[in-house]
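Q: Taken from Swiss-Prot, the feature GTP binding site covers GLN11, GLU75, SER144, GLY148, THR149, GLY150, ASN210, ASN232, and the record attributes it to similarity to another entry. The Mg(2+) binding site annotation in Swiss-Prot covers GLU75. Residues annotated as region 'Disordered' in Swiss-Prot: 435-454.
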Amino acid sequence: MREIVNLQAGQCGNQIGAKFWEIISEEHGIDSNGIYVGDSDLQLERVSVYYNEASAVTRSSGGKYVPRAILLDLEPGTMESVRSGPYGQLFRPDNFVYGQSGAGNNWAKGHYTEGAELVDNVLDVVRKECENCDCLQGFQLTHSLGGGTGSGMGTLLISKIREEYPDRIMNTYSVVPSPKVSDTVVEPYNATLSIHQLVENTDETYCIDNEALYDICFRTLKVSNPSYGDLNHLVSLTMSGVTTCLRFPGQLNADLRKLAVNMVPFPRLHFFMPGFAPLTSRGSQQYRALTVPELTQQMFDAKNMMAACDPRHGRYLTVAAVFRGRMSMKEVDEQMLAVQNKNSSYFVEWIPNNVKTAVCDIPPKGLKMSSTFIGNTTAIQELFKRISEQFSAMFRRKAFLHWYTGEGMDEMEFTEAESNMNDLVSEYQQYQEATADDEFDPEVNQEEVEGDCI
């Protein structure tokens with residue numbers, strides 16, 4: 001089957017990853033020891049996308065299912081908490097790869113010094129996992145861009161895997177620094193250096209933002225003091241939604257490559273804004289029967305987006321929607337068309353039919369139907385602009401730079417990363433303003449393109 005190898009790097013990546021495996025295991029009826037306890041053949045039909053079946057424990061019980069997951073960090077702390085967590089016994093012990101020194105929120109340590117020493121060990125495990133696959137579809141990495149390990153070592157790993165498996169899809173779930181909530185002073189540096197790598201080396205990057213997740217918890221879910229567990233739960237719902245079609249039968253299937261082909265009009269513009277519906281508070285779920293129109297409306301709502309950008313400030317280049325549950329295909333098609341017609345000014349006119357829909361028959365646990373939203377919108381430039389402004393403010397004064405140059409980095413790298421990110425913003429802006437009649441000349445200097453959001 002089309003397998004996906006999951007990598008989780010750093011503290012944030014491992015915490016999101018751990019939650020993701022909880023949700024996926026529940027959907028496939030696999031308990032915390034990797035034993036199948038489900039009640040439907042559909043759960044096992046394509047379980048091999050994310051799980052490797054180890055040898056049978058006893059004749060009657062069948063095998064143990066082991067996640068195709070590689071957990072890495074530069075300090076042992078998070079690994080220990082994953083290992084002692086509810087699903088800690090699920091993972092293959094050899095797939096925990098960690099150092100002792102930590103990256104200290106320093107991208108250079110993760111990318112050039114500490115991380116570079118550990119990366120070969122990780123690649124050995126990656127090769128071993130890939131050899132266990134019949135037909136590897138690609139990789140997914142969960143990490144944050146603000147710290148040291150997830151950002152520095154995560155991007156190093158991406159470029160190494162890209163060299164070795166150039167024709168496989170590389171998918172990342174990247175937690176970007178929030179506008180108001182900041183964990184680390186040097187977040188803008190780490191994020192800019194990471195985005196510089198992601199632009200070149202990934203096929204699809206889902207931008208997730210803690211602040212947007214907090215807002216969803218406060219406003220929509222009515223959770224008064226959300227924990228990281230609540231936030232990670234939201235992220236893992238999206239992750240599970242994106243790969244549903246690979247794991248369960250459906251009427252209209254999508255896989256990572258189909259998504260990439262439909263979602264990425266230009267190779268550099270592969271940063272997506274994810275969303276999920278229905279977001280109802282935990283207690284009230286079972287009291288509401290959702291309809292397809294409600295799902296669609298909620299899914300396109302700015303309040304449901306998991307990145308702190310307002311899609312109304314830009315235009316959608318492309319959109320993908322993955323619906324789950326028993327529903328009428330006709331109704332889904334009509335609703336998606338209605339959204340496009342009603343809000344046509346928010347979709348670029350030069351990509352007709354720019355909404356891709358997939359429908360899978362099996363709903364997530366506890367819901368009758370749900371939908372996952374993936375939008376490639378020019379409004380994502382707000383996110384890059386924000387990081388760029390914070391980066392420039394510090395870099396102008398060369399604040400904190402000695403931590404990076406001390407690990408062997410050069411100032412030139414910072415300048416390059418900054419201009420690459422500014423180019424990205426200009427490209428988004430350029431396509432936001434383009435109309436179907438424009439003669440597109442790629443030679444036009446992108447710096448000249450300016451203008452206000454619609």
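Glycine too: its Cβ is placed from the backbone N, Cα and C atoms.
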Q: Using a 10 Å cut-off on Cβ-Cβ distances across all protein chains shown, tell me which of the binding-site residues (SER144, THR149, ASN210, ASN232) has the largest neighbour count.
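A: In terms of Cβ crowding, the pick is THR149.
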Q: Here the binding-site residues are GLY148, GLY150; which one has the lowest number of other Cβ atoms no more than 10 Å from its Cβ?
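A: Relative to the other binding-site residues in GLY148, GLY150, GLY148 has the fewest Cβ atoms within 10 Å.
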Q: Do any residues at least six apart in sequence from GLN11 (GTP binding site), in the same chain, have a Cβ closer than 8 Å to its Cβ, and if so which, in order?
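A: Residues satisfying the criterion: ASP73, GLY77, THR78, SER144, GLY147, THR149, GLY150.
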Q: Would you mind pulling the DSSP three-state label for ASN210 (GTP binding site)?
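A: ASN210 (GTP binding site) sits in a helix per DSSP.
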Q: Rounded to a whole angstrom, what is the largest C-alpha distance between any two of the residues GLN11, GLU75, SER144, GLY148, THR149, GLY150, ASN210, ASN232 that the record assigns to GTP?
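A: Pairwise Cα check on GLN11, GLU75, SER144, GLY148, THR149, GLY150, ASN210, ASN232 gives a maximum of 23 Å.
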Q: Same chain only, sequence gap of 6 or more: which residues have a CB within under 8 Å of the CB of GLU75 (GTP binding site)?
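A: Long-range Cβ contacts: TYR98, GLY99, GLN100, SER101, GLY102, ALA103, THR149.
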Q: Look up GLU75 (GTP binding site) in the DSSP assignment and report helix, strand or coil.
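A: The three-state answer is coil.
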